[in-house]
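Student: One structure is given below, represented as structure tokens, and several questions about it will come after.
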Amino acid sequence: MFHPIEEALEALKKGEVIIVVDDEDRENEGDFVALAEHATPEVVNFMATHGRGLICTPLSEDIAGRLDLHPMVDHNTDSHETAFTVSIDHRLTKTGISAQERSFTIQALLNEESVSDDFQRPGHIFPLIAKKGGVLKRAGHTEAAVDLAKACGSQGAGVICEIMNEDGTMARVPELAEIAERHQLKMITIKDLIEYRYNITTLVNREVDITLPTDFGTFRVYGYTNEVDGKEHLAFVMGDVPFNSEPVLVRVHSECLTGDVFASHRCDCGPQLHAALAQIAEEGRGVLLYLRQEGRGIGLINKLKAYRLQEQGYDTVEANEALGFLPDLRNYGIGAQILRDLGVQHMKLLTNNPRKIAGLEGYGLSISERVPLQMEASEHNKQYLQTKMKKLGHLLHF
């Protein structure tokens, strides 16, 4: 049903329209997407006729800044923070609404000689400003269009249009698949685009490395920063870097302040952290990644709010969902990049979570063995662990 990102890029370079599908837990919709440079009157008319949604022009911050395209509102209350600017028409257009005139306005946005005064406001083209960092910062169609344009070697600008059914309802994946087949279009997901970007773009910088004696032995600690969100991550390493081709014992541990530092009994994070360090030290060779993904990615304060809901009878999954989050928001692309930087090619992964295995293998790393890391349950965390086993698929035994 979905095509590889590489095939979609080739189609875009040829001037074709593709379909980009959002995550089912976000807007769960599909947009027609084309490169702005290929937004001919025929492409605009195709989107208007078969998409029926609003035709918008996602732009990089640089292009929007050069043309003084300011936000439509001072206080954006849209649930997805879609960054509309004031709508525009080129001053040489008449009504600005025809496919020919909308195409003309879009092409003028790409002209490096265009200036702000070349456009009148409001108009019939709706520019959108993509966030710096693209889909790795915000998983929206705006960012997807700009990321795809840049991946094609084009300017950071695209054209998008939401796809609606003939009855006016939003087209979902089954209908989108029919539309793609009918018009012979490539169809991709933003999720796959995120994975593609993690694989082709180096987003971590090794900032420092030091020797750290611990209760478990002496480790070499490497500090990394993420270019997209500025978060800082650590790698505790025992053994020589870069590693050779032999499988390395690896633990990917997400930050848990309450468990790691304050010995909370609500989870098993602290004991898992210590057990992993001990096992790596015993083996004499390995890596523990400490990723800043507190609360399975929802952050410390939201994790505490989830705890409060658990006190009212929710389990850990239900609490996340009640707060508007997925059960697990963690992404392992940054971790995979750190492991690659350390020369890890093959690993034995310390985990009870099969999704973590799939997450790392999705970024081209080889996992030869899963090494269980089950801690003894307590009266305080037994239900939590049972929920992870039943609802999140963790491989635990009681």
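Glycine is treated like the rest: Cβ placed from N, Cα and C.
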Student: Among Q272, Q337, Q345, which is the one Swiss-Prot gives for the GTP site where R251, V252, H253, S254, E255, E294, G295, R296, T316, T351, K356 also bind?
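Tutor: The candidate from Q272, Q337, Q345 that Swiss-Prot ties to GTP along with R251, V252, H253, S254, E255, E294, G295, R296, T316, T351, K356 is Q272.
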Student: What recorded positions among E162, C256, R330 are found with a C-alpha within 10 angstroms of that of E294 (GTP binding site)?
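Tutor: Final answer, ordered: C256, R330.
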Student: So which one is it: of the recorded positions R296, R330, which has the fewest other Cβ atoms within 10 Å?
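Tutor: Result for the recorded positions R296, R330: minimum number of other Cβ atoms within 10 Å at R330.
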Student: Does C269 (Zn(2+) binding site) have same-chain partners at least 6 apart in sequence with Cβ under 8 Å from its own Cβ, and which are they?
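Tutor: Set apart from C269 (Zn(2+) binding site) by at least 6 residues yet with Cβ under 8 Å, we have H253, S254, C256, T258, G259, D260.
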Student: So among C267, R330, T351, all listed as recorded positions, which is physically nearest to D31 (D-ribulose 5-phosphate binding site)? Use the C-alpha atoms.
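Tutor: Sorting the recorded positions by distance from D31 (D-ribulose 5-phosphate binding site), the top entry is R330.
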Student: For the binding-site residues H141, R251, which Cβ has the most other Cβ atoms within 10 Å, all shown protein chains included?
Tutor: H141
Student: Once the DSSP letters are reduced so that anything not helix or strand counts as coil, what is H141 (D-ribulose 5-phosphate binding site)?
Tutor: helix
Student: Going by Cα-Cα distance, pick out whichever of the recorded positions R251, E255, R296, R330, T351 is nearest to E162 (D-ribulose 5-phosphate binding site).
Tutor: R330
